[in-house]
Amino acid sequence: MTTSCLDLTLPSSSTCKDDFVAQWRCHRRTKSAGSNASRDLSLYTSMGLYTHHGIFAPKEERTLEKNVEVSFNCKYDLIKIAEKTDRATLHLRDQQDDYDLRECGILSCRPHFLQRYASIRIFVFLSCVLVTVQQALSSGYFNSVITTIEKRFDIPSRVSGAIASTFEIGNLLTIIFVSYLGSHRHIPVWIGKGILVMGIGSLVFCIPYFLEQQFKTVKVGNLTHPFDENTCQLPTATVQSSQPAGHFINPPSHENDPTACNEGRSSNALYIFIFMVAQILIGSGGTPIFTLGTTYIDDHVKKESSSMYIGCMYSMVAFGLVCGFLLGGYLLSYHEDYILFNTVPKNLYPGHPKWIGAWWVGFVICGFLLLLVSIPYFAFPKVLLREKQRLRWEEKGEYYSTRRLKSESNTLERQNAQETVTYAEGNNAGHSSREKAKEYGRDIKDIPASIWRLLSNPVYVVTCLGSCMELSIVNGFLVFLPKYLETQFSIGKSQASIFTGGIAIPGACVGIFMGGYLLKRFQLKPKGAIQFVLFFNIVCMGLYTLLYFLGCDNIRMAGATLPYFNNTINPEFEPFQVNLTADCNMGCRCSPNDIEPVCGSNGITYFSPCHAGCKAEVDHKLNSYSNCACILANTTRSHDVLAFPLATSGPCPSVCHVIIPFMILLFVMTLVVSITHMPLLMITLRSVDEEERAFALGMQFVIFRLFGYIPSPIMFGNVIDSTCILWKAHCGRPGGFCLMYNIEHFRLKYIGVCSGLKVASGLLFFLDWMLISWKHKKDIEQPPTLTVGEIVSSIVSLDRLSANGWGDPSADHTKDPPEDFLPLEMAEEDTFGPPRTLRRHVKRGSNMSEGGIVR
């Protein structure tokens, strides 16, 4: 320990030194006490012992006049001591104050080593991690496994679309409650509670896996029919059997057996309900981070740095989407039972139609990650005191520096000033506008009036509706894009997820950044921004036309797209009127639900080895079958086929190599669609008054979900289901998962819905352009008139300017301009509606007309 004076540099004057020694003593401090800044905050500031810039109070009041001159001549920082205090007492107070300033911790547990993490930068970093995991879970991973969930639980696309929409419903139910009440509460704790809800919802998503297991052995009477056997099983007639002869000619499959139907099966309604509850929990828990998290960041950083920190957090949205799709693609390459039981059913591989990937593992991973990320948020204080104090000191320094620069700039401007000045409306109008902005949003009773004011704004409403059409395309198209790639190009689920996350999502990221750059580069006003949007809308319509031609044809499948030869049951076969029964597979007891396409040596694809009439499996590894009656019946030329008809697993290869051009075009299209995001946001903000912008964005959030995010997956799901030609059946009733699509109709309807929504958005944006142009033209042709009160106030403002020498280049302007003075370069405000300030150049001595318009 050493004894020293804090920043003590005594002047050479003996008088000053004597006065100092007589009135002041140095304070004992330790090197282990920390930096000067920490001492200032802990001991000196709290006890009032520290004084800055040589301003200090003498010990005795009678020596005040004597030491006044000394206090201004001696330039050093001193420690003021009113009475002698024991050193141990000072250290006890120091420790107590240091503990009180420990912000980071949970309840009374506030370790000293944690205090360095009580920083807004750490909060932003945690928020970036949170947004990444949340988007990976809710958007990327869910969309990558949705088709696997459909197959696993016999769910049609319209129901899976409804499950996807419940995420937005949960978000919508809590947005108003959280944004209204949470802003005045402990924001980090609210975010932490939301993360816990999301984590629980993610784990709830896994419950259906543990409630039911797939690939069970189904017993029908005395016949055991395991799922891994799908060959023609001809029954043998026995004397004991009481069944009629027709039963052995065409016996029912085990799915339609009355015994199996009477035994019943677990309904998928329970699983659908669990999925929806989980989605609502995930959606409601994700609300605080985007509503309250941005507010917390904005309150603890400088205004000019706020956009950078918030932008870092929002940029993780796209990164999370990519991570989610890639995680789904990786996990779907493993069987769902492999993770826990280390088993894979016989003869199944990732590309097999019966393959069920490990869809549930990603929800477990994301759930535990969310629970882990939530812990630091409970340790953050309601207000970061050190950050606030640092921010206040920085703002003070910038204020004085800016004021000095502004004074110098004003001097130069006054020297070059001319007789023309720009002035604002009168004092009364200016004050009323400011008061109106202050009162906006104070009372909850004003919400209906505020909503009506926004809905009566045609530019705002049309812009929101046009954006809804765009978001409907993005959301619906993205949810079912992996399914489209699987069915259209016959690729696996894992590969489809990787293509979606690695190509489509990066195109959207590039488009958003390009839109913001072009908006800033060309300084687009609302009229130019809507023209920008219209141009890229037309380009996107042309690209949609190309998508119609980038697809594959339906596979040549017997009984579906082609007839069975020598079919005596239904000789007048119509394509896509599925009838998988023929003379060659009569009596094989083929299941209509066990789709396992095989390619016959005649070049025709069959629904399964059983439907091809194959009675034996030649090679388990290659999954090749022999003695196939339907292939023998359909072929008359090849002697090899006649002698030894074979079938191999998988559909017959088709000449279709357009997936690479499709993915390139998809990248360009997502870029073009996303490039209009920032211009549309700018139009929305400029279409309302400044005090309405926050509420306008909140209303837009609600409109987007009501008319965009929620209905679009359901609409796309119904359209996809309409292209199904063979449904999975139970007890003779179709329903559940679609086994076969007409992929040509799938492509036409899927792209057609997107094209229709794009045309609707184009018409709305064209109407938006007309409204903006009309409003812009109206503001130019019809300048605002001045009332008598505004004219008098304007004259008073000019008199005040003249009295201070403003407008006279030779005058020495020693005073700041009045509050209602508006510099010329600030007069051009980019907004819609009647201007709140008059933007006219008035020459001194100008005349006024009788109508009250300043000429």
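Heads up, the Cβ atoms here are built off N, Cα and C, so glycines get one too.
Features as listed in TrEMBL:
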TRANSMEM  120-142  transmembrane segment
TRANSMEM  162-182  transmembrane segment
TRANSMEM  194-211  transmembrane segment
TRANSMEM  270-297  transmembrane segment
TRANSMEM  309-332  transmembrane segment
TRANSMEM  358-380  transmembrane segment
TRANSMEM  498-519  transmembrane segment
TRANSMEM  531-551  transmembrane segment
DOMAIN    578-632  domain 'Kazal-like'
TRANSMEM  658-682  transmembrane segment
TRANSMEM  694-712  transmembrane segment
TRANSMEM  750-772  transmembrane segment
REGION    831-855  region 'Disordered'
Quiz item: Are the transmembrane segment (531-551) and the transmembrane segment (750-772) close, by which I mean at least 3 Cβ pairs under 8 Å that are 6+ residues apart in sequence?
Solution: yes
Self-check item: Touch test for the transmembrane segment (270-297) and the transmembrane segment (120-142), at least 3 Cβ pairs under 8 Å
Solution: yes
Exercise. Using a Cβ distance cut-off of under 8 Å, indicate which of 120-142, 309-332, 358-380, 658-682, 750-772 has the most pairs with the transmembrane segment (194-211).
Key: 358-380
Quiz item: What stretch in 120-142, 162-182, 309-332, 750-772 has the biggest tally of Cβ pairs under 8 Å against the transmembrane segment (358-380)?
Solution: 120-142
Quiz item: Given the model, what does the mean pLDDT over the domain 'Kazal-like' (578-632) come out as?
Solution: 80
